[in-house]
Amino acid sequence: MIVCGTGIATSTVVAQKIRDYCAERGIEVDIQQTKVMETLRGVEDYDLVVSTTQMPGGSGVPTVNGMPFLTGVGVEQTLEEIGERLQS
Amino acid sequence: METVTQFITDLGPAVVLPVLIFVFAVILGLRPGRAFRAGVLIGIGFVGIGLVITLLLEQLGPAAEGLAERFEVQLNVIDVGWPSTAAIAFGSQVGAFIIPLGLAVNIALLGIGLTRTLNIDLWNYWHMAFIGAIVAIVTESLLWGFVAAAIHMVILLALADWSAPWIQRYYNFPNVSLPHGTSAPYVFLAIPLNYLFDRIPVVRDWKLDPDTIQRRFGVFGESIILGLVLGIVLGVLGGLSLNAVLQLGISLAAVMLLLPRMVAILMEGLAPVAEAAREFVQRRFPGRNLYIGLDSAIAVGAPAVIATALLMVPITLVIAVVLPGNQVLPFGDLATMPFIVCMMVPIFRGNIFRSVVAGAIAIAGGLYIATAISPVFTQAANNVNFQAPGDATQLSSLVDGANPVTGLFFGVAQAPAVGLPLLGAAALLFAWWVSRRQPGEPAVAGSKPRPGEPERAREPQEERI
């Protein structure tokens with residue numbers, strides 16, 4: 001699974017929260033961060049993308065909007081959505 | 001007292017910042033164990049960034065010197081990129097106190113109604129710290145450094161409020177504004193330029209297609225390939241041996257990958273503290289009709305931004321070579337172009353042609369600024385123990401070294417006693433003008449057509465997800 005923020009800053013915040021959440025639920029995840037410019041090549045190798053910005057290439061991989069992690073509004077729902085998608 | 005200060009300076013930020021962050025985190029209510037780990041991680045991040053900068057300068061230095069000898073291109077100021085700039089800023093004396101200072105200024109402005117933005121993007125407080133560090137070095141006064149950082153915060157908040165309607169409409173971020181030190185100042189450039197473009201017949205209809213650009217120029221987005229190719233080209237032009245050319249190529253590719261990774265470590269340490277501070281502040285400002293100030297990183301994925309940034313990479317390199325008097329060799333921030341253009345694009349309604357022209361103007365002017373501040377920048381880097389080997393090479397960056405607001409503060413700092421109070425008054429006046437300009441709900445303000453924006457101005461904004 002890849003947490004695809006843009007710079008380093010936002011994706012680190014998101015990665016941390018998802019890692020904590022998954023550890024609590026006993027979900028095994030392998031998280032990688034990258035910036036959006038690098039995703040133009042494709043992200044097919046991953047199961048789920050969490051992006052705090054728009055994915056310009058249209059990933060073809062299920063994508064969750066990571067914005068709530070930054071605004072602090074709706075974090076729980078987003079985490080649940082991520083958890084469900086990962087377990088299915 | 002002086003020995004104490006000297007002792008702290010000698011220790012360097014890799015030791016001092018962890019202690020400071022630990023104390024700050026415990027005050028904010030973080031568990032001591034977690035706070036301790038956060039502090040240590042920040043120290044590690046600092047050490048890592050220092051290592052990578054040394055690698056960059058050692059490898060690139062000889063090539064830059066060779067370039068100067070063979071072609072009379074004086075590009076001896078190396079762009080060390082925003083990761084280094086951010087570390088230099090946070091490691092400075094102003095940076096040590098920037099989060100409490102910035103929050104205090106923000107809350108005061110909210111209190112008297114001069115802004116609607118609550119900037120919870122604490123990581124990006126480094127921009128203010130950077131301005132503060134530069135001004136403190138030029139004026140040799142820490143106090144002026146803090147004053148400058150505070151004024152910078154006022155300017156960024158006002159710019160965030162001013163640009164919010166464009167940003168919210170174009171990117172569809174309700175109630176978000178972007179008080180970002182790199183992106184926001186270019187709003188000053190984009191608004192008049194867009195006005196001008198609308199009035200030039202024929203040219204006003206020019207536009208470019210983001211898809212084609214992404215396909216053709218996508219390689220400029222892959223920073224390791226960019227580093228590799230740039231290293232080989234510079235090595236060949238600099239007249240290095242074949243061995244050295246190949247080593248330079250791989251080293252620069254390594255720098256492109258490693259430098260952001262090192263900052264990620266710094267960020268991992270800062271994240272829990274920044275989160276705690278964010279929650280602390282947001283609890284105290286619940287439900288008020290505020291813009292949430294975020295990192296402009298959330299905007300850089302838009303196709304028009306990506307396309308513009310890809311085009312800006314070769315354009316920046318060409319400008320750097322042909323611009324008379326420029327000494328900056330763009331490198332680290334070639335990967336940061338999206339941040340320079342991402343708040344101009346919405347003002348140009350996604351028009352890539354206009355965005356690229358504006359970006360080129362911003363870079364051309366910016367290279368002069370980055371050249372001018374390079375001695376001070378190098379000093380700031382030395383202050384946090386990031387040393388250039390030898391005296392031949394100097395350091396600077398495009399983000400924020402080439403920023404117009406950096407140039408403004410650098411100029412004003414030459415006569416701080418007059419300049420800074422005047423600039424402070426102007427910033428407050430600007431904030432007041434912006435706050436008077438948009439009474440009412442943000443959503444309503446956002447949908448109002450701007451003066452000078454003709455009706456035909458409906459760009460096809462295909463926002464693919």
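The backbone N, Cα and C atoms fix where each Cβ goes, glycine too.
Feature annotations, courtesy of TrEMBL:
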- B:450-465: compositional bias 'Basic and acidic residues' (COMPBIAS)
- B:5-436: domain 'PTS EIIC type-2' (DOMAIN)
- B:440-465: region 'Disordered' (REGION)
- B:12-31: transmembrane segment (TRANSMEM)
- B:38-57: transmembrane segment (TRANSMEM)
- B:86-113: transmembrane segment (TRANSMEM)
- B:125-158: transmembrane segment (TRANSMEM)
- B:178-197: transmembrane segment (TRANSMEM)
- B:217-242: transmembrane segment (TRANSMEM)
- B:248-271: transmembrane segment (TRANSMEM)
- B:292-322: transmembrane segment (TRANSMEM)
- B:328-348: transmembrane segment (TRANSMEM)
- B:355-377: transmembrane segment (TRANSMEM)
- B:408-434: transmembrane segment (TRANSMEM)
Averaged pLDDT, computed only over the residues in the domain 'PTS EIIC type-2' (B:5-436): 89
Highest-contact recorded stretch vs the transmembrane segment (B:328-348), from B:178-197, B:248-271, B:292-322, B:355-377, CB pairs under 8 Å: B:292-322
Criterion met for the transmembrane segment (B:248-271) and the transmembrane segment (B:86-113) (at least three Cβ pairs under 8 Å): yes
Contact call for the transmembrane segment (B:292-322) against the transmembrane segment (B:12-31), three or more Cβ pairs under 8 Å: no
